[in-house]
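Engineer: Pasting the relevant annotations from Swiss-Prot:
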type: BINDING; residues: 12, 13, 14, 15, 16, 73, 165, 166, 206, 207, 208; note: FMN binding site
type: BINDING; residues: 154, 155, 156, 157, 158, 159; note: NAD(+) binding site
């Protein structure tokens with residue numbers, strides 16, 4: 001299949017080693033961040049925050065978060081261009097949704113008169129409340145929707161990436177306490193350009209299950 005979307009997805013892969021001399025341009029970074037902002041979410045809740053690790057000081061903090069576990073991902077932090085933390089809200093309140101609906105009014109998606117009726121969608125949030133009054137089991141998957149959007153955007157931009165679930169959420173919440181207040185982070189994304197001779201994964205063929213093994217058409 002020659003469609004450009006398929007070309008993007010056939011060529012993207014998980015980078016295993018980065019070239020520290022190459023940085024993502026501010027123009028391309030702006031495209032990625034706007035794509036993240038435009039990502040889909042349940043009831044348009046947008047229960048997330050995307051924290052961009054760019055400076056050397058921020059990278060050192062991120063590097064230090066691997067002190068206790070998942071050290072195999074630690075080398076990416078200083079070698080890649082940027083790291084993005086995909087953070088999801090622990091609790092999602094009516095006030096949070098009011099911000100979303102007020103923006104929808106400002107954007108002329110709904111009228112002020114329709115706003116209260118639109119709050120009916122918040123019932124879905126209440127159905128996903130745990131015994132501690134938190135909604136993280138529901139907000140966490142929303143962050144992964146944004147992650148998928150980011151991966152395809154990066155493929156289109158010819159920027160390499162490494163999805164990292166091998167992080168330490170507890171230590172991250174301590175090191176980035178101010179930035180993650182009210183949020184948790186279970187996945188991060190390293191972005192940049194792979195090392196031309198030391199990224200073994202760059203030259204390996206793509207391997208996915210056969211179409212008929214994963215697609216059922218009724």
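Cβ coordinates come from backbone N, Cα and C, glycine included.
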Engineer: Within 8 Å of the Cβ centre of 154, 155, 156, 157, 158, 159, which other residues of the chain have their Cβ, at the recorded NAD(+) site?
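Structural biologist: Result: 8, 12, 28, 153.
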Engineer: Using C-alpha positions only, work out which of the binding-site residues 154, 155, 156, 158, 159 is nearest to residue 12 (FMN binding site).
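Structural biologist: Nearest by Cα distance to residue 12 (FMN binding site): 155.
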Engineer: Which residues does residue 157 (NAD(+) binding site) neighbour through Cβ under 8 Å, counting only same-chain ones at least six apart?
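Structural biologist: Long-range Cβ contacts: 28, 31, 32.
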Engineer: Between C-alpha atoms, which of these binding-site residues comes nearest to residue 206 (FMN binding site): 154, 155, 156, 158, 159?
Structural biologist: 155
Engineer: How big is the gap, in Å, between the Cα of residue 158 (NAD(+) binding site) and that of residue 14 (FMN binding site), rounded to a whole number?
Structural biologist: 13
Engineer: Based on Cα distances to residue 154 (NAD(+) binding site), point out the closest of the binding-site residues 14, 16, 165, 208.
Structural biologist: 14
Engineer: Nearest to residue 208 (FMN binding site) in three-dimensional space, by Cα, is which of the binding-site residues 155, 156, 159?
Structural biologist: 155
Engineer: Calculate the distance in Å between the alpha carbons (Cα) of residue 159 (NAD(+) binding site) and residue 14 (FMN binding site), and round it to a whole number.
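Structural biologist: Taking the Cα atoms only, residue 159 (NAD(+) binding site) lies 11 Å from residue 14 (FMN binding site).
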Engineer: Near residue 155 (NAD(+) binding site), which residues of its chain come within a Cβ-Cβ distance under 8 Å, counting only those 6 or more away in sequence?
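Structural biologist: The answer is 8, 9, 11, 12.
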Engineer: Roughly how many angstrom lie between the C-alpha atoms of residue 165 (FMN binding site) and residue 156 (NAD(+) binding site)?
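Structural biologist: The Cα atom of residue 165 (FMN binding site) is 23 Å away from the Cα atom of residue 156 (NAD(+) binding site).
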Engineer: Can you count the other CB atoms that lie within 10 A of the CB of residue 16 (FMN binding site)?
Structural biologist: 18
